[in-house]
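Asker: Below is a structure I'd like to ask you about.
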Amino acid sequence: MVKAVCVLKGTTGEVTGTVYFEQESDSAPVKLTGQIIGLAPGLHGFHVHAFGDNTNXXXXXXXXXXXXXXTHAGPTDKDRHVGDLGNVAKIDITDKMLTLNGPLSIIGRTMVIHEKADDLGKGGNDESLKTGNAGGRMA
């Protein structure tokens, strides 16, 4: 079993949270649990970004971790970015595309909470296919 933890902190300190990850084996889905506090009411996009460096207010986090040139989508869609995890405040997700092992592991990458709801790639424009129109980064 592989376990990991991500501590989220917003740029102003108001948004904070902790996400816990568990994967029973290389082929098992990843279980995510946790909670984010300090968010405005409503849904907020939640993504794994490609790089782990968030020292420049998350600007260096780049786009969501993607595989095989897929576009942005929802967590239950077959063709999606690996890091597309939908909308959160309280986290209880089991995901078959994430892994904590091997070259596609999300360990060492940045988790980002966005200011708006994620439209899951169904917003009908180019930005929707890249980011889900989830807006700025809160943490």
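Placement of Cβ uses the backbone N, Cα and C atoms for every residue, glycine included.
Summarising the annotation, Swiss-Prot assigns S-palmitoyl cysteine to Cys6 and lists similarity to another entry as the type of evidence. As annotated by Swiss-Prot, Cu cation binding site applies to His47, His49, His114. Residues or ranges marked as Zn(2+) binding site by Swiss-Prot: His72, His81, Asp84. As annotated by Swiss-Prot, compositional bias 'Basic and acidic residues' applies to 118-129. Annotation source Swiss-Prot lists region 'Disordered' at 118-139.
What's the neighbourhood like for each of these?
Answerer: Within 10 Å of the C-beta atom of Cys6 (S-palmitoyl cysteine) sit 17 other C-beta atoms, taking all shown protein chains into account. DSSP assigns Cys6 (S-palmitoyl cysteine) to a strand.
Cβ neighbour count for His47 (Cu cation binding site): 27 (other Cβ atoms within 10 Å of its Cβ, all protein chains included). His47 (Cu cation binding site) falls within a strand segment according to DSSP.
DSSP assigns His81 (Zn(2+) binding site) to coil, not to a helix or a strand.
Residues in the compositional bias 'Basic and acidic residues' (118-129) partition by DSSP class (helix H, G, I; strand E, B; coil) as 4 helix, 0 strand, 8 coil.
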Asker: Which state, by DSSP, holds His114 (Cu cation binding site): helix, strand or coil?
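Answerer: Strand, per DSSP.
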Asker: Out of His72, His114, which of the binding-site residues is least crowded by other Cβ atoms within 10 Å?
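Answerer: Each of the binding-site residues His72, His114 was scored; lowest Cβ tally within 10 Å is His114.
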Asker: His81 (Zn(2+) binding site) has how many other Cβ neighbours within 10 Å of its own Cβ?
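Answerer: Around His81 (Zn(2+) binding site), other Cβ atoms within 10 Å: 28.
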Asker: Under DSSP, is His72 (Zn(2+) binding site) part of a helix or a strand, or is it coil?
Answerer: coil
